[in-house]
Amino acid sequence: MIVSTIIEAVVLRLNEDGSRALGDLNNRYNNLKNQDSNFTAAYIYMNYSYPNYLAQYLSIIDGNIWFIVFEGFLTALCFSALYFQNTIEIISIGLINICLLLFGSIQTYQSFKWIRRINLQIDLDFNRYMTTPTDLANLHLPMTVLYAEIVQLAFLVLFVAASIFFGYKLYGEFGWNIYKKIGAGINTQSMYRTYLIFLLLTKVDFFLLSGFQILNLIFLYGDAAHNIHTIIIQSVFVAIVIPTLGLGLWGVRSENKVALLIYAICSVATIVNFLYILASFIVQRDESLLTFLDILGITLIIMSLVTAYLAYNNFGEGLKLHFQRKQYEGIGNPEEKGRFPIDD
């Protein structure tokens, strides 16, 4: 994962070079318009000029930064999972790596798509002013970043395979840990697994929902067309991610129906907001990365709601007593305070 972070840093640097080249192209383009009275504007894609392409490039750069931060957090999570032998974290790492592989694949496609469009626009704008094809080719944005992104994909495939392999190997231990904590009761073990699945989804929700909504906020801040009212609403949705997930987790553990109801209402509101973001902002900008994160976020929220409903059906069946007993034992045994149990 450290290697993947380094590769993404290289991708970020190459994209920053591309954004600076776009700024220079925009200046040359404006000079040509001012000097040539017969100059007529033409567009390869919609009515995109170089400032529009630059905005797309900056959006890609924001995605690169998010990927690096996310990889750093995932690396810390790996060390935590290995040190504390937390199998549920190891399983979550496998799922997150799959999401990162999909993210990296879309990132590569998006880079190819926009570099190709920009180079076609360069051909359209500057062809008649260039003496030779070589002069025109020198203005093109290089495809070098794609090579780095393909290498990134290869490493991500290895990470996914490794995380699935270790997750499979630890599956037996995972079941044994549940048996030691809960006992042999099949019904109780099933309830506990439902809780652990909800916990896992909560962790992934935190990573994804926070990351997507922060990226969306950055996009809104960089677009003067969106008013302060929209930015405030989206900021509120970013702020309620942690309280909503925390309330849902506490509601399941304590079997608090009111807390779980509030969690469900906030989750449904988040789904509606994600659909609004998709229809109002993302589709209009042809944002492949944000589209992927938006749809994935909606899917995960629905999965979390279904799991929360299954946990709700288990209320009053004895799982709450287990959590209360473990909490009491943790207070009475100071040695347990330094460890993270499987359900933390």
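Glycine is no exception: its Cβ is also placed from the backbone N, Cα and C atoms.
Keep in mind that what you see is a predicted model, and the values were worked out from it rather than measured.
Copied over from TrEMBL:
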type     : residues : note
TRANSMEM : 65-84    : transmembrane segment
TRANSMEM : 91-109   : transmembrane segment
TRANSMEM : 150-171  : transmembrane segment
TRANSMEM : 192-219  : transmembrane segment
TRANSMEM : 231-252  : transmembrane segment
TRANSMEM : 259-283  : transmembrane segment
TRANSMEM : 289-312  : transmembrane segment
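Here the transmembrane segment (65-84) sits apart from the transmembrane segment (231-252); fewer than 3 CB pairs are under 8 Å, leaving out pairs fewer than 6 apart in sequence. Note on the transmembrane segment (289-312): residues 59-60, 63, 99, 102-103, 106-107, 110, 191, 194-195, 197-198, 201-202, 204-205, 208-209, 211-212, 215-216, 219, 248, 251-252, 257, 260, 263-264, 267-268, 270-271, 274-275, 277-278, 281-283 of its chain, located 6 or more positions outside it, place their CB under 8 angstroms from a CB of the stretch. Residues 209, 216, 219-220, 226, 233-234, 237, 240, 244-245, 247-248, 250-252, 290-291, 294-295, 297-298, 301-302, 304-305, 308, 311-312 of the same chain lie 6+ residues outside the transmembrane segment (259-283) yet bring a C-beta within less than 8 angstroms of a C-beta in it. Beyond its flanks by at least six residues, the transmembrane segment (231-252) meets 195, 198-199, 202, 205-206, 209-210, 213-214, 216-217, 220-221, 258-260, 262-263, 266-267, 269-270, 273, 277, 304, 308, 311-312 of its own chain at Cβ-Cβ distances under 8 Å.
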